[in-house]
């Protein structure tokens, strides 16, 4: 009596409908996890927006285009801010014209009059005395002995301290001008929600992958699960390395390069918040995906499409392809392209090393052994 070959579904007693029901169960669990984490990120979204803004804020400060603190979005959560909004609306208290002006400028007028900021102006003593003499010769005589005979001597200076409330207003206007801007009423709110929801999906991704694995693992052989454990963990590590590398290493170089062009062309940059958030989310994602290159090489090697020898022989062509992909996946500046290309070249060599450690089996050799 011929023995039946072991099949994947020999011990399975679940019907197609049962599999769909199990899929629905794990999908609902994953969705509930995303909703719970997204609620948490919506409450503390101001911290996440400050984190996303931090690279561009630091770059603006380095170029002298910003003076505010990077974490100046406040410590109050969305719930606390929402309560203050609803309280002010329900009270129905009308503000005076002076109070509205104070809110618009961000500076209380009384405080500005008494404790307004001051500026120190340094004027050469000789120039000041000459100017006073010209203004009122009778009161201020002709200055004598104010100039030094030594040409290398530094002229004496007088420091004038000027205090005026307008300086506070000017300073606040400069600060607001150098901050990221929004071009319509709803843009700030939609950007806040976008950052919170994307962060919710990212933070809940381990729970999503766990539920997906619980559904898929029951249909895999033990040796297949071993490969998933190994390469799945490596894929996660490579993705995180790529995203973190982009956020903390690539962004400073890119922003330094791009903002220097604004200074070179004597252009005042006005950073739009929504566009920066999209850029700050897209580029780390591209770096994380591109850092999966070694796993793609191992996968193609296991399928006997490319071998380790082919990878070594076609290294020059691979570098050319990597340069082209780096140019497409990054902004149109050489700094970001090179910062993606060089790590990918290193990862290409790492992929060759992985293929050497785990060479693919030759199916024709296996057929020869069975025939003999």
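From the backbone N, Cα and C atoms, a Cβ is placed for every residue, glycine too.
Residues annotated as transmembrane segment in TrEMBL: 23-44 (among others). Residues 77-79, 193, 196-197, 199-201, 203-204, 207-208, 211-212, 214-215 of the same chain, all 6+ positions outside the transmembrane segment (23-44), place their C-beta atoms under 8 angstroms from a C-beta of that stretch.
Listed by sequence, the residues of this chain that lie at least six past the ends of the transmembrane segment (189-209) yet keep a Cβ under 8 A from its Cβ atoms are 30, 33-34, 36-42, 45-46, 48-49, 52, 182, 232, 273-274, 277, 281. Positions annotated as transmembrane segment by TrEMBL: 189-209 (among others).
Look at TrEMBL and you will find 229-255 (among others) tagged as transmembrane segment.
Residues or ranges marked as transmembrane segment by TrEMBL: 276-299 (among others).
Per TrEMBL, transmembrane segment is recorded for 319-348 (among others).
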Other than its close neighbours in sequence, what residues sit by the transmembrane segment (276-299), given a CB gap under 8 Å and a spacing of at least six beyond its ends? 49, 52-53, 55-56, 180, 191, 194-195, 198, 231, 234-235, 238-247, 250-251, 306, 311, 325-326, 329-331, 336, 340, 343-344, 347-348, 350-352, 354-355, 358
